[in-house]
Amino acid sequence: MEKVNNKKPLETAVERNMARRSTSSDQVNRRTIYVGRGNMGQPGTAKFPDNTIISSKYTIWNFVPKNLFEQFRRIGNMYFLMIFLVQVIIDSPTSPVTSGLPLFFVITVTAVKQGYEDWCRHKTDNVMNNEPVHVLRGPQVCTEKSRDIQVGDIVRVEQDETFPCDLVLLSSDRQGLCHLTTASLDGETNLKTRTALPQTAHLSSETRLSSLNAVVECILPEPDLYRFSGSMVVIRDCSLGEGGPVDRSAAQPLEQDSLLLRGASLKNTKFIYGLAVYTGMETKMTLNYKSKTLKRSVVEKSMNKFLLVYLGLLVLMALISTLMQHFWYGTLHDYTPWYRDMNKSHLGVWKSLKVVTDFLAFMVLFNYIIPVSLYVTVEMQKFLGSRFISWDPALAEPQTKEPAMVNTSDLNEELGQVEFVLSDKTGTLTENIMVLKKCSIGGVKYDYEDGKLLPSDCMDTTDGPPLNSPPLNTSLRDPCCLIRAAALCHTVHISECDEVDGPLGGRQTKRSLPEYYASSPDEKALVEAARGLGVIFLGSDNHQMTLDMKGDEERFEILTILEFDPIRRCMSVILRQPDGEIWVLSKGADSSILPKVVSGELQKTQKHVDDFAMLGLRTLCFGMRRLTQKEFAEIEECLRVARTARTDRDRLIEEAFASIEQQYHLIGVTAVEDKLQEEVPQTIVQLGLAGIALWVLTGDKRETAVNIGYSCGLFSRDMVIHSFTSEHPDGLRNAEVALGLISPSELINGVQDVQATNKRADTPHGLVIEGSCVAKLLSDRPRLQAVCQRVSVVVCCRMSPLQKAEIVRFVKELPGSPITLAIGDGANDVSMIQEAHVGIGIVGKEGRQAARNSDYAIHRFRQLRRLILVHGHLYYIRIAELVQYFFYKPLYTTMYLAMYNICFTSLPILVYGLLEQHVPYQLLEHSPHLYTDIANNSWLALPAFIYWTFLGVIHSLIFFFGSYLLFNPDSGLVPSGETHGQWTFGTLVFSVMVITVNLKLALDTRFWTWLNHLVIWGSIAFYIISSFILGSYLWPMFKRKNMYRVFEHMLIAAPTWFGASLLITLCLLPDIFQHALRRQLYPSATQRAQLEEASYRSARKSKLRMSNGDRRDAESVPLDSITAAMRWDGTAHSCPRV
């Protein structure tokens, strides 16, 4: 908006007054915004950021130094860099290329991978920042890029568009009212209403808004989605052609109901104009994003520990070798060159330097016990292995076939170590679709099916006929008026859709079918159900509500609405019927309505409420009360006094509402189902059998969260539920017991009661935590940890995005530091997704914010089962074997060192790490108890580390001393009688080592493909061929005569073949015996599954051959029958968690 230069005295005085207020001590935490002037027109204030969003980590300028800094934080990378520098500086026994080239390859591959991932984030940011928006510039609306919005700009947003920044509503096409959804912010898809100030609500045209001059003062940006306060002073409203300036200098309060948050969507409103108050990285949505940190898997942490152990071993070996060398030289002769004429001081310095350089030389010589190729292979395994997730058709979207997304490949194996899953509710566990399933009318239960109400029980059929719609002459006194009450008692708004010809509620109609928008999904479900039953809500206008009753319109006058609040847990409507009668219609929770009932089928209805709740349905009770004209006049006056009171306003309104909502006649109860996604209960059960606990974190109210807990199987009817909420008296007392806020004696008694309950028949316990209590509970973490460890299920409700992240952090800090996985589908879940060890985003109806900021993105919650139980299990097994295998391998001469790690042994383990399936996919997916075999990083625990290290030492001793006994220097092993030297001896050791290492991997491989055969047998063959070529042609070219035809001479010696076979057998026999004995005596659940799978396949194959001569390969046997035969429910494979 253009800057106004000719200010009126009133404008100048107000601005000076606002400036003084903004600099006073009590205004430090507030900002002042001058409407429509942007940064240039805001004197005395700091520059505000533009509307640019940045989610990327690197820029083109800091990528190289920042990425190198992060990579060299790895112990292994820093170690190899130091080794490379030592090789360059001193007279190294090996070439610097052997360390520098692999290190360069590792750094480059990692940098390219991370750079590509960050480039994708840059592309996403550019799409968001370059989206077209409509900004008021002077008297015209101009189209600009989203990033160009400045604080103080007036922005136009149209229906179904997303707000580009945080706006204060100025006006709309509905006289200052608008409706929006905040599903991407807090998970709630309910329609919410926002209201503009009366001073600006009438400014609905660009011309009138361009003349607006006002000052807004508000709090500084903060992440709390539900807190906003400020004030607006309208200095001048020059409505062109409609009069002169209007003095509106009185400050008007701004509250949360005027704030439009970035990420929310405008609904059921053609357009709005809003003032930009927070932009870019200062918007509430962005402030709720937790800064993305570099995640490291438990396998990588184990690798770092192993590296430290081997580094200590390396230093010890180098130190012992250095001491032995100097002891040897010191006892034989003085190793100081005779031609160096040095005095004693110079000689002492020279000897000290010689000790240091010798020590470093031994460090370089022995450094290959820490293989640099480990990082190369691990990076390649992770990057290539992550493709299998994208290629898995079971993880693709069923309709569009869109594959799962892998945003980072560093955490594949972490999926195999998950102990806690923390899940959002709306759109993650549920379809976010609510439908009426059952109801109780006058003590009779009905099922709602296909637009009809049918009695549920045979015993109830005599109480009333099946209903498809209430009679036209039904009054509110009739029990069947529940349907009409559902169509009247709500705050639903409508939007007209296309005309529809066809049956509606059992009749033919040609009317534009209304589309409903509601602040509560329950209300929308009930109004739609009433429409299906023939009672159609046509909208409300000018305090009139219209219903279509089988073609006849009835108008009800809305006298007043008592909005829902979480304390009363109900809402009411006072209306006048066409016949003049005044009624109060109320609906709410059973605990709010039923205690106030004075007539009706109370006992039957209470039983029906309990029955519906056991099915996990959301129940609402309906009551009504008739008012006389005199009673209504008294109520109206009481409400007017309460709502206009300057002091104690909340208490007066509460008392007024209580005087109205009483003495009900009970109409009935409705039961609405929040439809779960497919296979959610089954997935939760299987995750539980795998030893994985599930917590639900949702922004919904407590009742909704608890109902979902029942419907998806988290809560059971025999479970004791403890609620930590500010409104629930029992829950508050439990919180005080847990936190020690009551007297010690009461605390002891309370804890004893809890423990006694836990011991009594193993009663399961559940915990419900409200967001308002999180800070209080987390202030005493040890007590809360003790409670959380005793309960079976935890559900957190009314949670803000940052509170979700706090809960995830709390779980990560539980004893044992469990591995956490967070899953959600909205922008409100991004913080917890980034906080968890593994973050899963669901590509759903609430956009792709969660998917873009996650580590992995899937399409349905049920796919989490396959992602964890199959891919996570296999990835962990593969990389754990890969890591141990690399620490097991020894070393040899410079040329062979490079080829040994690259050509002779790395490819087989890389293919193993990509393709190994020790148990088939379907068996893993349907046998969740197998997941416990890899829990707690068992394959990389201390016993496994010691076993592999011991195995490497034993094999090295067998290689060396076995070859030494066979190739004793005093033995003549060739026809000429010559003895073999150290190079032949070393070549035999190296040959036996290459073959043994590959054969050991062959013994460990259970899933053979043509690629496994190619790399294992091909590596052995390539070693033999390359040894011939190196010895006969390449070594002479490099003037290295010491290896000339050594390999040929070794092979012509008869003991070589016998000795090599004997040594290889000696090395592999302990492995064979260990596996055989363990499988027979102490088999794990996985090994039992493998044995039963093999037995089943063998029996099935034999049966097929005997019956019809079918020679199909066993692989064609359906695995579903195998898993069924193995009873995956744990009766055959129950295994305690390690």
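Glycine is treated like the rest: Cβ placed from N, Cα and C.
Quantities reported herein were computed from a predicted structural model and do not represent experimental measurements.
Look at TrEMBL and you will find Asp424 tagged as active site, 4-aspartylphosphate intermediate. A coil conformation is recorded for Asp424 (active site, 4-aspartylphosphate intermediate) in the three-state DSSP classification, outside any helix or strand.
As annotated by TrEMBL, compositional bias 'Basic and acidic residues' applies to 1-18.
According to TrEMBL, the feature domain 'P-type ATPase N-terminal' maps to 45-99. Mapped onto DSSP helix, strand and coil, the domain 'P-type ATPase N-terminal' (45-99) counts 27 helix, 0 strand, 28 coil.
Mapped onto DSSP helix, strand and coil, the domain 'P-type ATPase A' (129-193) counts 8 helix, 38 strand, 19 coil. Residues or ranges marked as domain 'P-type ATPase A' by TrEMBL: 129-193.
Marked as domain 'P-type ATPase C-terminal' by TrEMBL: 891-1084.
Sequence annotations record features per position, and here TrEMBL assigns transmembrane segment to 306-329 (among others).
TrEMBL lists 359-378 (among others) with the feature transmembrane segment. Distant neighbours of the transmembrane segment (359-378): 74, 76-77, 79-80, 83, 86-87, 90-94, 99, 102-103, 105-106, 109, 303, 307, 310-311, 313-315, 317-319, 321-322, 879, 882-883, 886-887, 889-891, 897, 901-902, 906, 909-910, 913; these residues of the same chain sit at least 6 beyond its ends, with a Cβ under 8 Å from one of its Cβ atoms.
Summarising the annotation, TrEMBL assigns transmembrane segment to 867-888 (among others). Counting only same-chain residues 6+ beyond the ends of the transmembrane segment (867-888), those with a CB under 8 A from a CB of the stretch are 299, 302-303, 306, 310, 369, 371, 373-374, 377-378, 381-382, 385, 388-389, 392, 395, 404, 412-418, 686-687, 690, 692, 821, 840, 856, 858, 909-910, 912-914, 916-919, 921, 924-925, 928, 930-931, 934, 939-940, 944-945, 948-949, 951-952, 955, 997, 1001, 1004.
Here TrEMBL flags 894-915 (among others) as transmembrane segment.
Taken from TrEMBL, the feature transmembrane segment covers 945-967 (among others).
TrEMBL lists 983-1003 (among others) with the feature transmembrane segment.
Here TrEMBL flags 1015-1038 (among others) as transmembrane segment.
Annotation source TrEMBL lists transmembrane segment at 1050-1069 (among others).
All protein chains shown were included, and the count of other CB atoms within 10 Å of the CB of Asp424 (active site, 4-aspartylphosphate intermediate) stands at 29. Mean pLDDT of the predicted structure over the domain 'P-type ATPase N-terminal' (45-99): 80.
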